[in-house]
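The block underneath contains the structure these notes are about, expressed in structure tokens.
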Amino acid sequence: MEVKEALFMNKGEGESSYAQSSSFTETVTSMTMPVLENAVETLFSKDFHLLQALNAADLGCAAGPTTFTVISTIKRMMEKKCRELNCQTLELQVYLNDLPGNDFNTLFKGLSSKVVGNKCEEVPCYVVGVPGSFHGRLFPRNSLHLVHSCYSVHWLTQAPKGLTSKEGLALNKGKIYISKTSPPVVREAYLSQFHEDFTMFLNSRSQEVVPNGCMVLILRGRLSSDPSDMESCFTWELLAVAIAELVSQGLIDEDKLDTFNVPSYFPSLEEVKDIVERNGSFTIDHMEGFELDSPQMQENDKWVRGEKFATVARAFTEPIISNQFGHEIMDKLYEKFTHIVVSDLEAKIPKITSIILVLSKIVG
């Protein structure tokens, strides 16, 4: 099965669903709303208010409430600017994109009562689902004015290439992501894959976004130059330990562990900046990295803290993990993961690093 068929957040509205476990993403989205508000204001300063409709896309939208916040913010800012400029009311067309396996049913069920259908709305809003990979083309040329994406662009199209020796041996044995014990070739392979995929993303958007159009991208990243620092490896490192314990119990085939590498990469600011500048289609209007404590760290009881952390981790890791190791082992795996997290959190409480990036499409 290809990554694009297995990469999605846990579905439904149960305890381990993404819809119920995306509070941190909501926090990040809320914190970065002033940046999105400023992006909308900038569009109006470039005469985008003369249009009949503003076309916006939320890429990698998943099925949590963050999308509702994004749409509401764009609508509110459009209404504010239309009143200030005394211009005709624009309509808002929003495209919600994610891979076909995404839980669009839960997304649109929540959307209908929160964003659309308001009889008193100043800016009419029309929402369309667009299943597909954002690493390729999704929209017609010069059709988008604003693109938003939160916690999606760091996912890769595939596990990095070149992680097997000429003799067929796994080069990242016993690990599922970059680790302190990983050889340099593993780090190089991950960066190379991110470079390739992010470049594809930029190339596709460069054709779809109108000149002077804007993109607001938020992704997991790191402040350190070392990709094996715990700020970016914590969850994957502990999951690898949990999987290895099940291997030792004969519940998982060791070869499945040795040949699995997570299709995700948390880049540094310098790496992101370098790729954008090399691409040459967009200017960087704003870029910063910031750290936040995981919300589970506010819990005093270590078991409650560990269980909540594991539940959130399961929401975004289970689909890709179960695709490799089997659905039948998931409850046991995440139970083991919870125990490991509880013992590890007493010594390490890593902050979560995010990168926010505002890009403008170059004219000409």
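Cβ atoms are placed via backbone N, Cα and C, with glycine included.
Annotated Mg(2+) binding in Swiss-Prot involves ASP258, PHE260, ASN261 plus, out of the candidates ASN105, ASN142, ASN172, ASN323, the residue ASN172. Of all the recorded sites listed here (HIS148, ARG220, HIS327), the one with the fewest other CB atoms within 10 A of its own CB is HIS327.
In terms of C-alpha distance, the listed binding-site residues CYS61, ASP98, SER133, ASN172, ASP258 place ASP258 closest to HIS327 (site 'Involved in substrate discrimination'). When Cβ atoms from all protein chains are considered, those within 10 Å of ASP98 (S-adenosyl-L-homocysteine binding site) total 26, not counting its own. DSSP assigns SER133 (S-adenosyl-L-homocysteine binding site) to coil, not to a helix or a strand. DSSP assigns VAL312 (site 'Involved in substrate discrimination') to a helix in the three-state reduction.
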